[in-house]
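Input: a single structure, listed below in structure tokens.
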Amino acid sequence: MEPGNETPISEFILLGLSNEPELQPLIFELFFSMYLITVFGNLLIILAVSSDSHLHTPMYFFLSNLSFVDICFISTTIPKMLKNIRTQNKVITYEACIIQMHFFILFATLDMFLLTVMAYDRFVAICHPLHYTVIMKPWLCGLLVLLSWIMSALNSFIQSVMVLGLAFCTDLEIPHFFCEVNQVVQLACSDTFLNDMLMYFAAGVYGGISLIGILYSYSKIVSSILGISSARGKYKAFSTCASHLSVVSLFYCTVLGVYLSSAATHSSQSSAVASVMYTVVTPMLNPFIYSLRNKDIKRALKRIIGMAAI
């Protein structure tokens, strides 16, 4: 691309999930409902944990942080998408696009690290139950969450700054419902080699650290559970990590499914539709997964609902 064709830009166009006008009301209603369910579901989890003293433990401390991050995660993309559909205006300013991309990377990375921290918590609880309260002290729990925020913020800051250094030309249409970093980089008419290398490096390092930590923790957990002699003991030990394992499987399977399917089909529109799984569906299902199989959460939620009904 000739340097003369590079001009300062002020906005991008988000093409969304579909260009069919008749589908827009249905998409709006569907995603608006999913957004409300996600926000209220995760808020209930946070309220239950904060209001019930029995839930003031490391496991529920991490769960409330995950619920907060899930609210922020979905709020980064869906409100703008709903506004675009309602106003029939697909424009997003350059500044807003960079900000959205920054916070999307931040909360996506935070999700990964919090799931890893929760896996470590379950590892200590099952493999070292007698030392659990000694190891998982409040200061360590706070430090683990703080480190997760710092590493996530560093990742999102570096990637956002790298995108700010790119030059864009006339093709400003993003075939997605939000400013996904890979889609934005592909629109640049300057050299994107460093950006591509950074994205692959960050995905490999951050995703690799998280996945290795989770797999290691659960390999030890499975080994410990198999060593329990009674069937009841095995069931009780497994039930304490079943919800977390379900959330981990849902998150990583959907993320891997999105990127493997997009690599196979090379369709940006298909990738946008598939991205709904981990950007919307996973945060929406997390409260249900943790509450339906958890007696402590259900008890706290019943008490909150009972108080609200009075």
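Keep in mind that glycine also has a Cβ here, set from the backbone N, Cα and C atoms.
Residues annotated as domain 'G-protein coupled receptors family 1 profile' in TrEMBL: 41-290. Confidence for the domain 'G-protein coupled receptors family 1 profile' (41-290), expressed as mean pLDDT, is 88.
TrEMBL lists 26-47 (among others) with the feature transmembrane segment.
Residues or ranges marked as transmembrane segment by TrEMBL: 59-78 (among others).
Here the transmembrane segment (98-118) has Cβ contacts under 8 Å with residues 59, 62-63, 65-66, 69-70, 72-73, 76-77, 80, 92, 144-145, 147-149, 151-153, 155-157, 159-160, 163-164, 178-181, 184, 206-207, 209-210, 213-214, 217, 244, 247-248, 251 of the same chain, all six or more residues outside its ends. Annotation source TrEMBL lists transmembrane segment at 98-118 (among others).
According to TrEMBL, the feature transmembrane segment maps to 139-158 (among others).
What TrEMBL records for 197-216 (among others) is transmembrane segment. When Cβ-Cβ distances below 8 Å are used as the criterion, the transmembrane segment (197-216) is approached by residues 109, 112-113, 115-116, 119-120, 151, 155, 158-159, 162, 181-182, 185, 248, 252 of the same chain, each at least six residues removed from its ends.
Counting same-chain residues at least six beyond the ends of the transmembrane segment (237-260), those with a Cβ under 8 angstroms from any Cβ of the stretch are 111-112, 115, 118-119, 122, 125-126, 211, 214, 218, 221, 224-225, 228, 271, 274-275, 277-278, 281-282, 285-286, 289-290, 293-294. Summarising the annotation, TrEMBL assigns transmembrane segment to 237-260 (among others).
The transmembrane segment feature in TrEMBL is assigned to 272-292 (among others).
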Need a quick answer: max count of Cβ pairs under 8 Å to the transmembrane segment (139-158), which of 26-47, 59-78, 272-292 is it?
59-78
